[in-house]
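J.: Below: one structure in structure tokens.
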Amino acid sequence: MLTTDLAETIVQETMTRLRRNINMMDENGYIIASGDSTRLGELHEGAREAIRTGRPLIIDRENEAKWKGSVSGINVPVMFRGDVVGVIGITGDPAEVVEFGEIVKMTTELMLQQSFMISQGEWQQRTKEMIMEELLKAQPDFTKVDDRLHLLQLTLQPPFEALVLQTETRSFFDNRRLLRLIEDSLGEKVLMSVGSYERIFILLTGLTESQAEHTRGMLQQTLAHSGFNVRIGYTSAAPTRIDIPAAFSEAGLALLFGDKKSPLVSYQGLEPQAIVHLSDDDHKRRFAARILSGVSEQLVGTLQVFFDSGLNIQSAAQALYIHRNTLIYRLKRIRELTGCDPQLFQDAAALQMAVWIVAQGHGSKPHRGRQQ
């Protein structure tokens with residue numbers, strides 16, 4: 001627990017305040033940090049005695065020779081969780097330094113406790129990240145997951161809610177503040193991992209559908225009020241642990257294809273587009289080329305607006321700022337070029353998939369000519 005680095009920090013901090021030489025000895029009485037670097041590694045018999053008795057040892061001119069490697073001053077045992085883990089020695093006239101013994105001991109023990117809590121927090125966070133890294137794999141090793149959960153004394157209770165946060169935060173310090181804010185909002189037992197492309201993966205467990213909805217909204221509002229511009233992608237709850245990787249994939253796809261202005265984006269309703277995205281690239285290219293061959297960029301844009309308008313000619317014409325008859329002509333032209341009627345469900349489905357493929361960058365871009 002008492003590392004050399006920590007001992008050096010304690011010595012420097014204490015010397016700055018007391019303006020006296022300070023020695024820090026380990027649990028065996030060896031000097032591991034000192035204002036006098038020539039004494040490093042020496043055995044301090046006075047410290048060893050303080051460790052044995054568990055009480056402060058005052059060394060003066062009369063008994064100095066009794067304790068090998070010791071000089072006048074006071075040596076105070078440092079306790080951590082009921083055990084002596086080292087000794088801190090203050091060099092000087094005992095009459096002058098003895099009054100500092102108790103406060104130096106208290107300060108040192110507080111620094112030890114703080115260091116322990118920081119290291120524990122870092123260890124716990126890293127263990128959580130390792131669990132999440134495993135769960136994000138296509139085929140997680142649940143033996144590893146269970147072993148790490150056991151170390152944290154955590155259990156995963158279904159159903160599982162996968163959230164993917166997209167943030168514009170790039171600063172290290174802002175990112176740390178964001179992670180702390182998420183943990184404060186969701187609780188210490190939440191599993192969280194930072195991915196690439198400014199994404200944060202969060203796993204919530206054991207929530208009902210209404211609880212999950214409330215939690216998503218609360219988290220988004222909390223982060224927004226704290227100045228963080230985030231989008232949260234989510235999907236339906238995963239009923240078993242095996243479904244967790246797919247749930248995270250779907251939440252990520254929600255961010256990819258969902259409304260870029262919406263802070264909360266559901267995968268539901270985006271599945272057809274996502275499934276097209278997940279299809280084999282070569283098949284997508286061939287399909288889009290076959291369907292949209294000869295169709296201009298203008299007509300492709302017209303198609304998408306028509307589909308977004310629910311195949312309603314009047315609504316689509318208004319959205320395009322064109323006359324109704326102009327839209328009807330364009331739809332007729334599309335039918336002539338592709339052999340697919342945009343007003344028939346089956347043909348519209350094929351055309352929509354082809355348009356999505358082009359939008360995703362997998363098909364040949366339409367030419368820019370006007371085909372009114």
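The backbone N, Cα and C atoms fix where each Cβ goes, glycine too.
Automated prediction, rather than curation, is the source of TrEMBL annotations.
Below are the features listed in TrEMBL for this protein:
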- 2-135: domain 'Putative sugar diacid recognition' (DOMAIN)
- 144-255: domain 'CdaR GGDEF-like' (DOMAIN)
- 299-355: domain 'PucR C-terminal helix-turn-helix' (DOMAIN)
J.: With DSSP helix as H/G/I and strand as E/B, how many residues of the domain 'CdaR GGDEF-like' (144-255) fall in helix, strand and coil?
T.: 56 helix, 25 strand, 31 coil
J.: Can you give me the average pLDDT across the domain 'CdaR GGDEF-like' (144-255), rounded to a whole number?
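T.: Over the domain 'CdaR GGDEF-like' (144-255), the predicted model scores a mean pLDDT of 89.
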J.: Counting each residue once, how many in the domain 'Putative sugar diacid recognition' (2-135) are helix, strand and coil under DSSP?
T.: 72 helix, 30 strand, 32 coil
